[in-house]
Amino acid sequence: MKLHLTGPSNTKLNDTITITGSKSESNRSLLLAALFSDIKIENISNSDDAQVMAKGLKISEGTVDIHHAGTAMRFLTGYFASQEGKEVVLTGSKRMTERPIEILVDALKTLGAEISYVQDEGYPPIKIKGQRIVKDKVSLPANVSSQYISSLLLIAPSLENGLELELVGKITSVPYIKMTLALLDEIGVTTSFEGNLIKVSPKAKVAPTTLVVESDWSSASYFYGICALAAPGTEITLSAYKKESLQGDSVLANIYTAFGVETTFSNNMVTLKKTDKKIDAKNEFDLANAPDIAQTIAVTCFGLGVGCYLTGLHTLKIKETDRLEALNTELSKLGANIAVTDKTLTIVPSIGILEDIAIDTYNDHRMAMAFAPLAMKTTIIINDAEVVSKSYPDFWNDLKQLDFGIKEL
Ligand SMILES: O=C(O)C1=C[C@@H](OP(=O)(O)O)[C@@H](O)[C@H](O)C1
Ligand SMILES: C=C(OP(=O)(O)O)C(=O)O
């Protein structure tokens, strides 16, 4: 599906959008609910990734296909490795077979798991024969993906002796690890995280608990992008959000003050308001703790005609696509002056955005959604626009609600 986008005729917007639950919180909660039957979940994400996770958890033998969902791949690897009597092959999309999993597999094998590679060493698909895991100490590199660590932490309370993890190297995507620990805490599991050591105590039974998933902050980023490019006075309200979020991407509220977007919280809603603040020509952010909003921020800066220097982007090359290369290619098509390394991205201020350029999305939901706000400034085409369903199936409908013109070509 190829979509042609035009911005709303009134560039001073005022509307309220309800966004689906966080996919990160949903996929953690689903796994915990599979381990502990007394857990209920509210406001679960309607994303593809949460659906494949829920489906995967119901399977006991045969092939489990998680498509593009990185969290489902990593979390289900830990889950099946520790489920005695279950035997599955865990696989996914072509891109998933290029996303590394060796660090997690090695850690699980050290703990006594039985896992083998079906094709390429270090990558899915993998064959898992569930085991009773009694060993409780393992160390693993922490600088490639936090999902490996969260996978181990999520199963930790169900293991006979709990788990002690030693994290080696500079820890990346830290808020996602803290989110996992916070959810364990919410269900009454004892945890500690000091320095590079995480300890999780075993827990046989959990008291009846309802995990209420907050709406997705990464999805909210696209409305921050729209608001930043809109006329002063624009207000967009999003629900359901809270000030004390488990999601690291809530740092958006701080970051976007640089782009003239003020955030206020009330009654489980967040309101973004565009002010007439003058925006700096150069904007610098370290996104090692919030990698999923890098695309949104890069596109916002380009749309505003200002520069940026983004660092901490070392994980972007192994996500749904090589996001640094994808941003370089697609922003260049629109006329940006951009340079990338394997962990940084620089945009130099420029004037003007080319019209009616077709943006390729590389099976990456965030490529489609990050570029859409540019319709506030130009007309733009998004190729394979259905990719948004990975995390935010209602995205295009929500843009229509904001009065964007969306035409299928
Ligand atoms: O644990 C999670 O829910 C996630 C962790 C992050 O991955 P990395 O730890 O690989 O950076 C993030 O990019 C991803 O979208 C979701
Ligand atoms: C990186 C992402 O997802 P995952 O790793 O779970 O596929 C994302 O949603 O931006």
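Cβ coordinates come from backbone N, Cα and C, glycine included.
For ASP292 (active site, proton acceptor), other Cβ atoms within 10 Å of its Cβ number 26. The feature active site, proton acceptor is assigned by TrEMBL to ASP292.
Feature annotation from TrEMBL assigns phosphoenolpyruvate binding site to LYS23, GLY70, ARG99, GLN147, ARG323, ARG366, LYS390. Counting only same-chain residues six or more apart in sequence, the Cβ atoms lying under 8 angstroms from the Cβ of ARG366 (phosphoenolpyruvate binding site) belong to SER218, ASP292, GLN295, THR296, GLU320, ARG323, SER391. DSSP gives ARG366 (phosphoenolpyruvate binding site) a helix state.
Summarising the annotation, TrEMBL assigns 3-phosphoshikimate binding site to LYS23, SER24, ARG28, SER145, SER146, GLN147, SER173, ASP292, LYS319. Cβ environment of ARG28 (3-phosphoshikimate binding site): THR71, PHE75, SER150, LEU154, MET179, THR180, LEU183 lie under 8 Å away, each six or more residues apart in the same chain.
TrEMBL lists 11-58 (among others) with the feature domain 'Enolpyruvate transferase'.
Marked as domain 'Enolpyruvate transferase' by TrEMBL: 63-399 (among others).
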Go ahead and report the DSSP secondary structure tallies for the domain 'Enolpyruvate transferase' (11-58): helix first, then strand, then coil.
23 helix, 10 strand, 15 coil
Top Cα neighbour of ARG99 (phosphoenolpyruvate binding site) in the set of binding-site residues SER146, SER173, LYS319:
LYS319
Would you count the other C-beta atoms found within 10 angstroms of the C-beta of LYS319 (3-phosphoshikimate binding site) for me?
21
Among LYS23, ARG99, ARG323, LYS390, the one of these binding-site residues whose Cβ has the fewest neighbouring Cβ atoms within 10 Å:
ARG99
